[in-house]
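Novice: According to TrEMBL, the record shows the following:
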- GLU342: active site, proton acceptor 2 (ACT_SITE)
- GLU342: active site, proton acceptor 1 (ACT_SITE)
- HIS465: active site, proton donor 2 (ACT_SITE)
- HIS465: active site, proton donor 1 (ACT_SITE)
- TYR183, ARG474: chloride binding site (BINDING)
- HIS341, HIS345, GLU369: Zn(2+) 2 binding site (BINDING)
- HIS341, HIS345, GLU369: Zn(2+) 1 binding site (BINDING)
- CYS97-CYS116: disulfide bond (DISULFID)
- CYS310-CYS328: disulfide bond (DISULFID)
- CYS490-CYS502: disulfide bond (DISULFID)
Amino acid sequence: MKQCNHLWVSGSERLGQGQTNYGGCTLEQTLEYSLFHKEAWKNATSFAWKSFNDTLLRRWFKSLSVLGTAALPEDKLNEFNRLKAEMKNTYSTAKVCPYIPSKSGDKSQLQNPKDCKLSLEPDLQRILTKSRDYDELSHVWKAWRDSAGKPIREKYLRFVNLSNEAARLNGFPDTGDMWREAYESDTFEEDLEMLWGQLKPLYEHLHAYVRRKLIHVYGNDKIKDDGPIPAHLFGNMWAQSWVSLLDITQPFSGKPSVDVTPIMEAKNLTALEMFKISEEFFTSLGLKPMPEEFWKYSLIEKPQDREIICHASAWDFCNGKDYRIKQCTDITMEDLITVHHEMGHIQYFLQYARQPNVFREGANPGFHEAIGDVLALRFNTKTSTIHRTIRRKGDLNFLLRTALDKVSFLPSGYLIDLWRWDLFRGDIQPENMNTKWWDLRLKYQGICPPVKRFDTDFDPGAKYHVPGNVPYIRYFVSFVIQFQFHKVLCDAAGHTGPLYKCDIYRSKEAGQILRKLYFKLKNSSVMELGSSEHWSEAMKIMTGGATNRMDAGPILEYFKPLLEFLEQQNRNETLGWISDDSTICP
């Protein structure tokens, strides 16, 4: 708990000026924590645990046998932690100058440093969401990468070397191999490629449809009808959520908007009320309410008196009662969905609190992400009842809005760790690592940079999870299995009809699937199990024995009516994209 408090403070107190002293204290305490775990690791690995007959005991020792970066010698561990803290600080304090037209009518950016105060959240994100000025969006897109990514390039290379050294000390060839161990599968990479192959046609149809709509806005001189889409036009800094394009892509404009942000604004909804709405849904399923400490200590709005790490996160303070969320909440539907996601993490913490500390994790990292997302998915369905009728046009508007959030994310969620795994294993060299980043962006996502990118740039560093050293494949896994979970919960709730119309609100039966599923060793739910069982066993429990594997079938079932519509709309469109150079739009 002491270490949890240190980490919380380091993420929620002032960054920037004064960070050195404060950060030094945090690094010192991080080292103390790492040394404690190293001793536990040495003790655990001194046993011949692989020969233990007791399955649970063997799993306990297996969890303790992977120490991570704490296996580094003390001087290198200090260097590793310092580099990580510095990279995160660069990301969190990065600022961008505004972009304004000059009096002559030519557009230029205002370079006075005193005016360079735009932060990622909420400033840049609001510009990306609301602006349709191609050049302004290009400026914001490039300036963020210049401020947040490029400065950490050399630090990240050293960071990778240290991380790989730690992986080898843990018995793995490289960091990517150590990360993939969390999924306990020898065929994990092949399984992911197979899943992507199943999902690719749906993504390509969505891409072609959105590309045509964007051509109507920006013209054929900016976007080729058989080419990739410029990365700065999606309303999201990383082109992984396209929801902001709903106003120009909604199939049937005569229907009310499926975005409830205007309703939230009209009701003067507060951040606190958004969290209360989410809590009420969890309790409607018979799940646990938030403890008193959650409401007392969580940080749910961006402070006005200091810079903080704004990336939304959920925290378990290891004592069975103190759980918190840190989120710079904006009053939007997108952030309300994020609230549900983070509250899902807290619910998972609450459910497996009785497990030994070593098992207080999701069955695999994707499970932890999926629990919150499947409940947020239901929230999408419930808000749609505000405006949606049973008629097909309303359904398609709703499905497109959901696809602009879910389907658009899939290639991004997949490729970020593909790039890191190749970098860790040495298949990507430092001198071409930015080009290789854009090769993957082009291949999987079908996007291109609006300005020429060079290998002196470091565009991966402009995504929080790279300097933050957070494995990302969990989100791709989550986006697949959350639809598996959704289907199971809907069946338990007695839903009949199309999967996308299911709403499990107030279904104690659905809550029972999450909370009180029985397993052979104990009376446990999927969440209560934590990581005490292999994730395939948790999947088997979740699906009532139907499967123990990840399956793209339910997500394809959910979006089947939309895919049929898109196939009709795209009859004269080129599916896929052509480009000879991934580092600049054609």
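Backbone N, Cα and C define each Cβ position, glycine as well.
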Novice: What is the set of residues, excluding HIS341, HIS345, GLU369, whose C-beta falls within 8 angstroms of the centroid of the C-beta atoms at the Zn(2+) 2 site?
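Specialist: Output for this site, in sequence order: ALA314, GLU342, GLY344, HIS368, ALA370, ILE371, GLY372, ASP373, SER478.
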Novice: Identify, among the recorded positions HIS341, HIS465, ARG474, the residue whose Cβ has the fewest other Cβ atoms within 10 Å in this structure.
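Specialist: Relative to the other recorded positions in HIS341, HIS465, ARG474, HIS465 has the fewest Cβ atoms within 10 Å.
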Novice: Long-range neighbours only, meaning 6 or more apart in sequence with Cβ under 8 Å: which ones does CYS490 (disulfide bond) have?
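Specialist: Looking at Cβ-Cβ distances below 8 Å from CYS490 (disulfide bond), excluding near sequence neighbours, one finds LEU499, CYS502, ILE504, ALA510.
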Novice: Which one of these disulfide-bonded residues has the most other Cβ atoms within 10 Å of its own Cβ: CYS116, CYS502?
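Specialist: The most densely surrounded of these disulfide-bonded residues is CYS502.
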Novice: DSSP secondary structure for HIS345 (Zn(2+) 2 binding site), reduced to helix/strand/coil, please.
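Specialist: Once the DSSP labels are grouped into three classes, HIS345 (Zn(2+) 2 binding site) ends up as helix.
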Novice: For HIS345 (Zn(2+) 2 binding site), identify the closest of the recorded positions CYS310, CYS328, ARG474, judging by Cα separation.
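Specialist: The smallest Cα gap between HIS345 (Zn(2+) 2 binding site) and any of the recorded positions is with ARG474.
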Novice: So what sits near CYS328 (disulfide bond) in its own chain, CB-to-CB under 8 Å and at least six residues off in sequence?
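Specialist: Spatial neighbours, sequence-distant, of CYS328 (disulfide bond): GLU121, PRO122, GLU301, LYS302, ILE308, CYS310, ALA312.
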Novice: CA-CA, which of the recorded positions CYS97, CYS116, HIS465, ARG474 lies nearest HIS341 (Zn(2+) 2 binding site)?
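Specialist: Among CYS97, CYS116, HIS465, ARG474, ARG474.
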Novice: Out of the recorded positions CYS97, TYR183, ARG474, give me the one sitting nearest to GLU342 (active site, proton acceptor 2) by CA distance.
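Specialist: For GLU342 (active site, proton acceptor 2), the closest Cα among CYS97, TYR183, ARG474 is found at ARG474.
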Novice: Given the recorded positions CYS97, CYS116, TYR183, HIS465, ARG474, state which is nearest to GLU369 (Zn(2+) 2 binding site) when distance is taken between Cα atoms.
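Specialist: Answer for the nearest of the recorded positions: ARG474.
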Novice: Using C-alpha positions only, work out which of the recorded positions TYR183, HIS465, ARG474 is nearest to CYS116 (disulfide bond).
Specialist: HIS465
Novice: To the nearest whole angstrom, state the Cα distance for the pair TYR183 (chloride binding site) and HIS465 (active site, proton donor 2).
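Specialist: Between the alpha carbons of TYR183 (chloride binding site) and HIS465 (active site, proton donor 2) there are 19 Å.
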Novice: Per DSSP, CYS310 (disulfide bond) is which: helix, strand or coil?
Specialist: coil
